[in-house]
Amino acid sequence: MRSLDFTSLLLFSAIFRVILIIYGEWQDAHMEVNYTDVDYLVFSDAASLMASGDSPYKRTTYRYSPLLAFLLIPNSLIHRSWGKFIFSASDLLVGYFIHFILQQRKVPRKLCNYCVMTWLFNPFTFTIGTRGNCEPVVCAMILWIIICLMKGNLLQSAFWYGLIVHFRIYPIIYAIPIVLVLDPNFFPSNRKPILKNWTAAQAERLNDGNCLCSLHNLLKCIFTRKRLMFGMVSAAVFFLFTGLSYYLYGWEFLHEALLYHLTRTDPRHNFSIYFYHIYLHYGYDISVMEKLISFLPQFMVQLVLIFCFAKDLPFCLFAQTVAFVAFNKVITAQYFVWFFCLLPLILPWSKMKLKWDGMLCILSWMGAQVHWLMWGYLLEFKGKNVFLELWVASLVFHAANVFILTLVIRHHRFSSFFLGLEDVKSKNVAKLE
């Protein structure tokens, strides 16, 4: 069988996305249900306001950085689909970055291309950008940060990390694992970090004390030069863009783009297990402390995953993101893209076979989602009072996510992302012999 060619995959993906954007324009003009995401209309309206000199936050429900509205100003100057092409180009860039990262880790070409295909030809991912959602931009920036760390470009990675946290606040959850991986054992002062290559036969098992060991290493040498540099630069970039946005748009920006997401209570039905409780108590006076308490399970799970898997950085980020979405107060379909961009980076290290456990994961996740969508359809379009059934479906979907994450962890070949000093020394000794 002729081997897959990455350039051909990327070219076909680009043509396919252009066709979807053109089709979306036709569907919007001729069918009752629009192809374009409602969020894209919000982005476009905010960009139009910014182009005319007004605040983008005059558009209700615009709760993003003003950088997004600025990026989409050509929507009102060139064509309304400008943003869709930008987001789809970012989508393709994610595919390129995935391929680059796997190649740098010496993953076999055929396996590498199959992993890239799980992003490029995933219905969730190719429809997100073409419908006008900005998440591919975020995914591309996160993968670029990983590439900067791989190359030892600490200042670049810190700059882009500070920018992406300003642009979309959820990547703040990656701060601790990045700081942990900047261990002097992996990032010595006299050389660039060395990647640990892919090996099919040998797995590196994390010992039982790994969690405590990572925590001990963090506390013992937390104030290393590279950690301080990353922290100060990323914080400076975040506060620079946030301060500039506050100067331009005041409290409106601070509330809508940042503070709103910390205390958000959305009474509309969504995949979250919290939606029914929020719906029943919507309109009641709920303190900020009560709203923040809902973050506690999410926070605890994040800490456990970080201190157990931080050395295996791509896997840690993937597990964190799945858990963050599963335990979030609000879950929409676009959030799934956050972990789909990281999934191809861990597949070569998985012992899971598609025929059995892999198919079980896919069917469990899709089945739980279709089950939820059935009740959502009855509520949204048929007006039936099925809130309780929908909440039960949310519980089933949450259980499916936890079950799948557990299976993925069990079948993963744990391997540190970078070679430690001892590994490098033993490698050099072996070469000399």
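Keep in mind that glycine also has a Cβ here, set from the backbone N, Cα and C atoms.
So that you can see what the record holds, here are the features copied from TrEMBL:
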type	residues	note
TRANSMEM	6-24	transmembrane segment
TRANSMEM	85-102	transmembrane segment
TRANSMEM	134-152	transmembrane segment
TRANSMEM	158-182	transmembrane segment
TRANSMEM	228-249	transmembrane segment
TRANSMEM	299-320	transmembrane segment
TRANSMEM	326-347	transmembrane segment
TRANSMEM	359-378	transmembrane segment
TRANSMEM	390-409	transmembrane segment
Region pair the transmembrane segment (85-102) / the transmembrane segment (326-347), three or more CB pairs under 8 Å:
yes
Does the structure show the transmembrane segment (158-182) and the transmembrane segment (390-409) touching, where I'm treating 3 or more Cβ pairs under 8 angstroms (sequence separation 6 or more) as a contact?
no
Verify whether three or more Cβ pairs under 8 angstroms connect the transmembrane segment (299-320) with the transmembrane segment (326-347), leaving out any pair fewer than 6 apart in sequence.
yes
Same chain, outside the transmembrane segment (359-378) by at least 6, Cβ under 8 Å from its Cβ: which residues?
269, 271, 352, 384, 386, 389-390, 393-394, 396-397, 399-401, 403-404, 407-408
Report, as numbers and ranges, which residues of the same chain sit near the transmembrane segment (299-320): CB under 8 Å and 6 or more residues beyond its ends.
101, 142, 146, 149, 173-174, 176-178, 180-181, 206, 210-212, 214-215, 327, 339, 342-343, 345-346, 349, 405, 408-409, 412, 414-417
Long-range neighbours of the transmembrane segment (134-152), counting only residues six or more past its ends (CB under 8 A):
39, 43, 64, 68, 71, 83, 86-88, 90-91, 93-94, 97-98, 100-101, 104, 125, 128, 160-161, 163-164, 167-168, 171, 174, 178, 181, 187, 192-193, 195, 313-314, 317, 334, 337-338, 341-342, 345
